[in-house]
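Trainee: Handing you this structure, nothing more for now.
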């Protein structure tokens, strides 16, 4: 009998044999275990041995259960270690909390665009803007860099911060150096291409080409793009790190703040650099190619730094298409601005264009960044079948569904009218635009602004999900397209509004310096 019980005990200790139910343990009123009578002698001398055997069996069963639980716990620990920490759950945000977090950065960004508009309203009368009119074509393209580079950087870092990729100092430093080097490469290349587009768009209508003006545009564009991206990139990193420390979602504040100073800094740099280089046009013409060569010579340094980070290495190789196409789209808006800003019938275009373009780009960048973060919390691009791209989303789904992204779209859309009223009042108080704000002008302006944001939010809902389903990271690809479309829609709709107002005779202008 003992020879049969030994293998059974071995199986129980190894966790391979059946374990006894806890109900089988002895207690008052319980029947003896089967087979116990074998140990009882006629004189009852085997009772003690039976009790000891049952106690040993009970101990074996308890030890067996503990071993089995411990094995399962170790397996669970091993799996959790291999998988890494679980990703954080999506933030629970109400419409009020979204609006509260977005409101202050939105107003700050809006006042930044108002300041940029006032600067453009002043510098449009400078000699460099009058003699080299192609500089106006550079304005939307370079201001659009905040969408091509800074807002993409803000969205990329916000997503990384929300999913825990910037929690350790090593990860933080790697993300900072890689992303800063990446945007310097992109800024240099995009600035050079924007100057080429400005030369081409300026040459096609007039048939006139000036080599000194071409070098002036190239040097001004590259220097402006490089310096502006360096300054704004450092500001963005500080904003995202600070917002995480105080418990604010970086997606709600990073992109608007990127735009708040982006337009003003970029336009001020473009005006100052182009004016300074223009003064040297007749004396030191060779300085233009030297400026271009200096920034091009720095490209290998930034490329080496950007390749060190896996997160930016992919963007360095595959992230050029949206940036270049977005620059071309913004340049078309710049061509519209170039043809209307000097027309007395379009007085006010210079001051209102940065405002309407900036507000639309800021709002759609916030929405695209939020949707991208939401998708990243549920998987990787192209892997999650539940987040399949919607080929043709319904406007009702985009704006009236109960999910958090639809809720944020409603909040952002409702900010358009009160925000623009504040900005128009500010421009009126500062006596900018050389135009009187009549009721019918405000109605047409608001109609253009609402239509612009409505279209952009709808396109953002489709584009981000479509890119996600194709395995593309929306943080790197969607925002450049959306902000460039915002520039083109804003400039085009504003020019159309001015033209209609001129046709009906509601343009009370006071053009002057």
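Keep in mind that glycine also has a Cβ here, set from the backbone N, Cα and C atoms.
What TrEMBL shows for this protein is this:
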- 1-91: region 'Disordered' (REGION)
- 1-11: compositional bias 'Basic and acidic residues' (COMPBIAS)
- 13-24: compositional bias 'Polar residues' (COMPBIAS)
- 98-123: transmembrane segment (TRANSMEM)
- 139-273: domain 'SLC41A/MgtE integral membrane' (DOMAIN)
- 180-204: transmembrane segment (TRANSMEM)
- 210-241: transmembrane segment (TRANSMEM)
- 253-274: transmembrane segment (TRANSMEM)
- 286-305: transmembrane segment (TRANSMEM)
- 317-337: transmembrane segment (TRANSMEM)
- 353-496: domain 'SLC41A/MgtE integral membrane' (DOMAIN)
- 409-427: transmembrane segment (TRANSMEM)
- 439-459: transmembrane segment (TRANSMEM)
- 479-504: transmembrane segment (TRANSMEM)
Trainee: Under a criterion of three or more Cβ pairs within a distance under 8 Å and sequence separation of at least 6, are the transmembrane segment (479-504) and the transmembrane segment (98-123) in contact?
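Mentor: No, the transmembrane segment (479-504) and the transmembrane segment (98-123) are not in contact.
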Trainee: Under the DSSP assignment, what numbers of helix, strand and coil residues are found in the domain 'SLC41A/MgtE integral membrane' (353-496)?
Mentor: 112 helix, 1 strand, 31 coil
Trainee: Sort the residues of the domain 'SLC41A/MgtE integral membrane' (139-273) into helix, strand and coil with DSSP and give the three counts.
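Mentor: Counting residues per DSSP class in the domain 'SLC41A/MgtE integral membrane' (139-273), I get 120 helix, 0 strand, 15 coil.
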